[in-house]
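Read through the structure below, which is laid out as structure tokens, and then see the notes.
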Amino acid sequence: MVQDREVPELAGESADADDGFALLGHRHSLRSAPRRATSGRSRSPPGLSPAAVRVGPVPTTSQTSPRRATLGKRTADIASMFDGVAAGYDLTNTVMTAGLDASWRRAVVETCDPQPGQLVLDLAAGTGVSSVELAATGATVVPCDLSVGMVQVGRQRHPDLAFTAADAMALPFADDTFDAVTILFGLRNIADTVGALREIRRVTKPRGRLVVAEFSTPTPWLVRTVYHRVVLPMLPVVARMAASNGVAYDYLAESIRAWPDQLRLAELMVEAGWNVVEWQNLSRGIVALHRARA
């Protein structure tokens, strides 16, 4: 059973490293999920090295693919939906979150704590907004996204970053490649959560770090009620006002409602083989930040 406790110490780090960890909303103590025995790391083909991710052109997107994903989360539907919103995606996010998205990204960077010279995989990177902030620390960042449209926009805006288009279930990187992996608001869009977490662990170095930021379950009853009854139904309306694809944000609201709460996601991370799994609520639990060690 997982219980509230004082901010724990990550293995190999001092407890002082967590000072100022909570950047938004009410501070919640970090919690640690129980560890479970695992059967070892998955061993998929080594694939490409990070140095090769920019080789070859990014394929063009299809204009005839569906742009409305469902909770079945078919890979092709998810990809084409994000292709359709790529150009205005960042602006829409800022409008819908009243600018809080910037603070959530800062929380991820501080929690990940990449060091100069380290190699970081920014998964579900979209157009690379989060990747730019991670790279500002001096780390080498590889932005990776399923959506070719997002990658195309990202390469145009940030030509200095080594974008690659890839499926999180079959990453084109060798085992034990990255010092850290971040995934912001993207894990929810993968049908096999545990499978994706295992694949992420495969490409992470031993004792490497994972930071997941995802919409979650608000903890105060009143905030939770308003969020589900007022805020989520308004997302498609706000998206249309921001000149984005409103039906894509119908899916966003549906996927948030169906997503596991903070504890359940921590348990899934442990099931996938991650260690020292902890989380902290941001903005009263509207967003949860999970971190773990490989």
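Here the Cβ of each residue, glycine as well, is placed from N, Cα and C on the backbone.
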If I go by TrEMBL, which of THR127, THR177, THR182 binds S-adenosyl-L-methionine at the same site as ASP145, ASP167, ALA168?
THR127
Chain-internal residues near ASP145 (S-adenosyl-L-methionine binding site), provided their CB is under 8 angstroms and they sit 6+ positions away:
PHE82, LEU123, ALA124, ALA125, GLY126, VAL151, GLY154, PHE163, ALA165, ALA166, GLY186
Measure from the Cβ of ALA168 (S-adenosyl-L-methionine binding site) and count the other Cβ atoms within 10 Å, all protein chains considered.
23
For ASP167 (S-adenosyl-L-methionine binding site), what is the tally of other C-beta atoms lying within 10 angstroms of its C-beta?
16
For THR127 (S-adenosyl-L-methionine binding site), list the number of other Cβ atoms lying within 10 Å of its Cβ atom.
25
